[in-house]
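Database features, via Swiss-Prot:
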type: BINDING; residues: Gly37, Pro38, Asn39, Gly40, Ala41, Gly42, Lys43, Ser44; note: ATP binding site
type: DOMAIN; residues: 5-220; note: domain 'ABC transporter'
Amino acid sequence: MSTLVTLNKISVTFGSRRVLNDISLSLRPGRILTLLGPNGAGKSTLVRVVLGLIAPTSGSIIREPGLRIGYVPQKLHLDTTLPLTVSRFMRLKPGVRKADILPALKRVHAAHLLDQPMQKLSGGENQRVLLARALLNRPQLLVLDEPTQGVDVNGQLALYDLIEQLRRELGCAVLMVSHDLHLVMAKTDEVLCLNQHICCSGAPEVVSTHPEFIAMFGQRGAEQLAVYRHHHNHRHDLHGKIILKNSGSRGA
């Protein structure tokens, strides 16, 4: 399997403060890698390194030539006095064709929002629009920084199902930052626990038993993870209702 991005022994220092130390990772097509860690662990800094927004102080980064990246930021700040529809917001992205906007919104089940004001969107609707915008350049790598921030629990479930669906359909790599331990871990292939350095990494069921993971999130967090992965035999619709994968039936 080819590698889209490779980080080799990356460190980042701001002044006298070391934010990241000796980070190595690879991002591959069709795989979801989730970054977990406490506030101040360096997760957003690592995302910016992957995006090429900041250069590492030491170490090397190799990107696939011509790599197309779609990015969903942690927060979007809009002037509430500026009238801006979803359609207009989508067209602010350089190189976007008007004909591409509706298909992108349909892909994330948000076509009905096309003419809605951005300022009137709910948290979940806002994230779907940002995700649609990130898909406009047919990304090989999708980078999601806290994609469910400000979204209610039902909306979080639906968004994670959507991200997994997009990964399957597009075959893209996904780098995701999250705090939603028991939800996101059921949807990821690999976990990297970060606290300036890599505390542990690997498949969720392996990481959940690692001493440093337990020290970071507690035994209860590890138990929640194990139970959730074992029983997660369903997906969720846009309202968070359960749809069993083997029957198509719904539950409350």
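Just so it is clear, glycine is given a Cβ too, placed from its N, Cα and C backbone atoms.
Here the binding-site residues are Asn39, Ser44, and the one with the most other Cβ atoms within 10 Å of its Cβ is Ser44.
Packing around Gly37 (ATP binding site) is summarised by its Cβ count: 20 other Cβ atoms lie within 10 angstroms of its Cβ, all protein chains included. Summary of the ATP site environment: with the site residues Gly37, Pro38, Asn39, Gly40, Ala41, Gly42, Lys43, Ser44 set aside, the chain residues having Cβ atoms within 8 Å of the Cβ mean position are Leu194, Asn195. Burial estimate for the binding-site residues (Pro38, Gly40, Gly42): highest at Gly42, by number of other CB atoms within 10 Å. Taken as a whole, the domain 'ABC transporter' (5-220) shows an average pLDDT of 90 in this prediction. Around Lys43 (ATP binding site), a 10 Å sphere centred on its CB holds 23 further CB atoms from the protein chains shown. Other C-beta atoms found within 10 angstroms of the C-beta of Ala41 (ATP binding site) number 21, with every protein chain shown included.
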